[in-house]
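Reading through the structure tokens given below for one structure.
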Amino acid sequence: MSHQTGIQASEDVKEIFARARNGKYRLLKISIENEQLVVGSCSPPSDSWEQDYDPFVLPLLEDKQPCYVLFRLDSQNAQGYEWIFIAWSPDHSHVRQKMLYAATRATLKKEFGGGHIKDEVFGTVKEDVSLHGYRKYLLSQSSPAPLTAAEEELRQIKISEVQTDVSVDTKHQTLQGVAFPISRDAFQALEKLSKRQLNYVQLEIDIKNETIILANTENTELKDLPKRIPKDSARYHFFLYKHSHEGDYLESIVFIYSMPGYTCSIRERMLYSSCKSPLLDIVERQLQMDVIRKIEIDNGDELTADFLYDEVHPKQHAHKQSFAKPKGPAGKRGIRRLIRGPAEAEATTD
């Protein structure tokens, strides 16, 4: 599942897309600037698509900056001209840029019109998206030959089945996000929580330094929990939920991911969403913390006593009683037989 970023195309860009679909342009280069899709370059056709391809595409690709390229073929389908969609994400580009472009790819395809896109090509080096690379891609689609590294990465993006292998003090990039290192004091606070020495730990992402840091460990009762949820920024919360259930006293650790809607920047929303799973993986595997429930909320007002109880102990659906097998019609069951015991039979004879 890819995350949506909220980035959209302006009306000017949509007009350019419309002209492009009608065949005016051979190529469009699209970038993300100020949280909007912008057309950085557009070129009319010069020759056949094969002769235009490398001279048009390759000079536009920067070594450290992702972008999208839409390249028009000469063939048409029922909707019009067919296009190649190129997602350029060089190895040396910034992690946040890679994440942003990966998460916005589906939006761009929708804005342009997915029915016009014949092929998708993903590349980290220019050889992947050159004309030769595109032809290799077509060959791989028509045969079971092994995929190139870039093709395998695109396949993994599409099926969203990337496994993570992360540690506490390293930053690890995955196709679904980034596992930022956890600061020492944050990790120690989580250790104390797992030993029941704390009952609340709040973590935040230091976006500038790309680190998960400690924000709050104030002793927190259930009634005070809503007050701990910021209204203007995202946070991770680990709460020791002390309660009774069916006569038993329980202490359950609950993870709460609070994200106050679109008051946060796109980058902040993406980072918190991407770092969540690797953080929980560290907590559960390395600290052996048993996180009973994982909850996502927009604001603290949702955290009532009833809400938290129902999340930790969801109500079971009542078991439906199966219908008894109906009896057959009385007239077709034959003569009713009366079976008597031996004593009854002798009494009747006398």
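Glycine residues also receive a Cβ, built from the backbone N, Cα and C atoms like all the rest.
Record features (Swiss-Prot):
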type: MOD_RES; residues: SER143; note: phosphoserine
type: MOD_RES; residues: SER277; note: phosphoserine
type: MOD_RES; residues: TYR309; note: phosphotyrosine
type: REGION; residues: 316-350; note: region 'Disordered'
type: MOD_RES; residues: THR349; note: phosphothreonine
Over all shown protein chains, what is the count of other CB atoms within 10 A of the CB belonging to the residue listed as 'phosphotyrosine'?
15
Around the Cβ of SER277 (phosphoserine), other Cβ atoms within 10 Å, all chains included, total 16
Using Cα coordinates, what distance in whole Å links the residue listed as 'phosphotyrosine' and SER277 (phosphoserine)?
23
